[in-house]
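Q: According to TrEMBL, the record shows the following:
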- His147: active site, proton acceptor (ACT_SITE)
- His147, Glu178, His210: Co(2+) binding site (BINDING)
Amino acid sequence: MSKAIVLVAFGSANLEGIKQSIGLLEQDLNEYFDGEYTVLKAFTSNKIIELLKERHDYIIPHLSKALFNLVNQGYEEVIIQPLHIMSTSDIKRIEEVVDEYKYSMKRIVVCKTLFSNEEEVLIKESKEIANIICDDSEKSDILLVGHGSKKNSNKIYDIIAESVREKCNKRVYLATLEGEKTLDLAIEEILKDDTKKIVLKSLFIIPGKHVIDDILNSNDSWSEKLKSKGIEITIGKKSLLQYEKIREMYIKRINKIIES
């Protein structure tokens, strides 16, 4: 029976970011399953798929196209792993696409996102991530950088930050691109604490335009705003998938679903 694992994300037009995040997980899964499962990538944003092809002549299919191809190629078991921090409207769209193919295969399963929406489970998961982030951490205090959401609760980021704070035993600040946890509020806290050195740690799974431009590179980037306040900064890993132990977490979860 032909079997596949599909790593699905909203998308990124940053080719190097793709290679240094989802590409690393794809490589690890190929090594772990050693040909038993075909591993492939898929996005849910048609706009990003078009940008990626236009800019880099690099093709990642839409999830619906990937599943259509797998059915036509005779695949009977497909495990879908969303690369999202939490369950969002995009996860609902993924499930809707999958529903269209559930009668075309013997088994098709959507795995959970990195963090659960159930608080008790989320706290446990955030402690696992904190252990990984803190093991990798420099001596500086930490500014966690996340995407955030205008629509969904950002409580998840507060719980992650608290877990990192407890594990690292350092000052830990939090800012998101969307939502109430703005960079300006984080800078206020940093200056109030008279913190001089900060390491930026990404809570993005795939580093796209947001990480590269909004946070690191442009003249009005977060890095420049922090430096303008006299704060010395260093940049940590740009993606959670650059941590080997987080990739191992995904592999264990996928394997657990396969064996269930």
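Backbone N, Cα and C atoms are what each Cβ position is placed from, and that goes for glycine too.
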Q: Express the distance between the Cα positions of Glu178 (Co(2+) binding site) and His147 (active site, proton acceptor) as a whole number of Å.
A: 6
Q: If you run the three-state DSSP split on His147 (active site, proton acceptor), which class comes out?
A: coil
